[in-house]
Amino acid sequence: MAGEQLNVLNTLDAARTQWYHFTAIIIAGMGFFTDAYDLFCISLITKILGRIYYFDPNSASPGSLPPNVSAAVNGVAFCGTLSGQLFFGWLGDKLGRKTVYGFTLIVMVVCSVASGLSFSSSPKAVIATLCFFRFWLGFGIGGDYPLSATIMSEYANKKTRGAFIAAVFAMQGFGILAGGIVAIIVSAAFKIKYNVPPYSVDPAGSTVPQADYVWRIILIFGAIPAALTYYWRMKMPETARYTALVAKNTKQAAADMSKVLNMELEEDTEKAQRLVADKASNFGLFSKEFARRHGLHLLATTTTWFFLDIAFYSQNLFQKDIFSAIGWIPKAATMNAIEEVYRIARAQTLIALCGTVPGYWFTVAFIDIIGRFFIQVMGFFMMTAFMLGLAIPYNYWTTHHIGFVVMYGFTFFFANFGPNSTTFIVPAEIFPARLRSTCHGISAAAGKAGAIVGAFGFLYAAQNPDPAKRDKGYPAGIGVRNALFVLVATNFLGILFSLLVPESKGVSLEEISKEHEEEEAAT
């Protein structure tokens, strides 16, 4: 009986790459496109929010978000995402992947629009409603992580499963890129229409009332790609692995996959009942049996994702601050409000285009050739090396901007051709079907806990110890250089915990998750 498998699952594992694989990538991937757009576009608009709602006519520098407000605006969506990952991950195992999948998309669309329509014109009201809707936006985004990864892993064949899951996640890169491009287009259009003097020349006139539309349009645009894929997401059948192994309806699983694969599938009823029967393997998440089989696996996926996201989100959310610190983006007082959005968006788009997006697709190309483990360890190692290369000669880079941007771009490249992709892929493969979505949600939530540490911690830590050089209202920090050393340490810890990650390349989900281990032991 060892190695026995349901016919429908064997067929899925051995299926050649077909159109339905690409359809699933696009349907699941557009959710991730929206996720990345919504999570990262906030870094493009925080400066203009400060200018509009926290303008001080007596200050020599433009208005900026107070520290607590900036931390809330940058980090509240991650708090929602963490909650959504845990809740929808659990719900995906209880009710089914498809049942929950559409609801997360509706939440994302509604809250994207609502974020851009944040009420009133007073700072407290606008920021409070913006944070409220971004929390629930994050909640919907959180659900997309475990559900998209699990659905794609359960649809894919075992030969190219890694590439398919990586391709879904790679849409995150296009979402980040799209955020920058939309911000460039919107700010450029408003800049042409309202070409006003910089803050140093006319403090009040440098921020025209129409600038309030800029950030709202950028936020609302995130609803469009998600809304376009809702119909197709609802048309997807439930995955065969959930239907057969969790719902224990092998006949329905065979019928669903017959339509997807365009071939007739039949299941041996007696064999199917034997394989999906209670094999003393219905252990729970908090059982000793789970700890024995998968305890180290869950430790590996949670810790590596946690350490990765501290570095990854610190870099992404605060690119503008780092670029300003080294002088690549001009001083705020030398620009008007809309010009500043344009400059920040242009810098971040360049990094995304040259470093972020290629890294994702290198993972797609090589993950089923060299494996998850190698890519993850290599990525963490190269991130550590390049961040050391930025931190040690930091003063040199303040006068050599192109070199800094190239090195900075390489850290993004190896994050994405590395642990940012593999930490998403591996949890969708190594846990049993009835706990797969839950464990992926727990792993992803640990990552978002790291993102929260990065979003709140880096904001304060990167502040200059010199009061004259740090942002208004902030306490003394350790400076960008020392903050980079902290990120080096988190990357190194990521390398160590990656040693616990199992290799799942070319292995069926049931084999790597030991779905039938008890049955085999009893034979």
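Placed from the backbone N, Cα and C atoms, the Cβ positions cover glycine too.
Owing to the predicted nature of the structure, the values given are computational and were not obtained by experimental measurement.
Listed in TrEMBL for this protein:
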| type | residues | note |
| --- | --- | --- |
| DOMAIN | 24-506 | domain 'Major facilitator superfamily (MFS) profile' |
| TRANSMEM | 20-49 | transmembrane segment |
| TRANSMEM | 69-88 | transmembrane segment |
| TRANSMEM | 100-119 | transmembrane segment |
| TRANSMEM | 125-142 | transmembrane segment |
| TRANSMEM | 163-190 | transmembrane segment |
| TRANSMEM | 213-232 | transmembrane segment |
| TRANSMEM | 350-370 | transmembrane segment |
| TRANSMEM | 377-396 | transmembrane segment |
| TRANSMEM | 402-426 | transmembrane segment |
| TRANSMEM | 438-462 | transmembrane segment |
| TRANSMEM | 482-501 | transmembrane segment |
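Highest Cβ contact count with the transmembrane segment (100-119) among the listed stretches 69-88, 163-190, 213-232, 402-426, 482-501 falls to 213-232 (criterion: pairs under 8 Å). Annotation: stretch 213-232 has the most Cβ pairs under 8 Å to the transmembrane segment (20-49), among 69-88, 213-232, 377-396, 438-462. Of the ranges 69-88, 163-190, 213-232, 438-462, 482-501, the one with the most Cβ pairs under 8 Å to the transmembrane segment (377-396) is 482-501.
Of the candidate ranges 69-88, 163-190, 402-426, 482-501, 69-88 has the most C-beta pairs within less than 8 angstroms of the transmembrane segment (438-462). Averaged over the domain 'Major facilitator superfamily (MFS) profile' (24-506), the predicted model has a pLDDT of 88.
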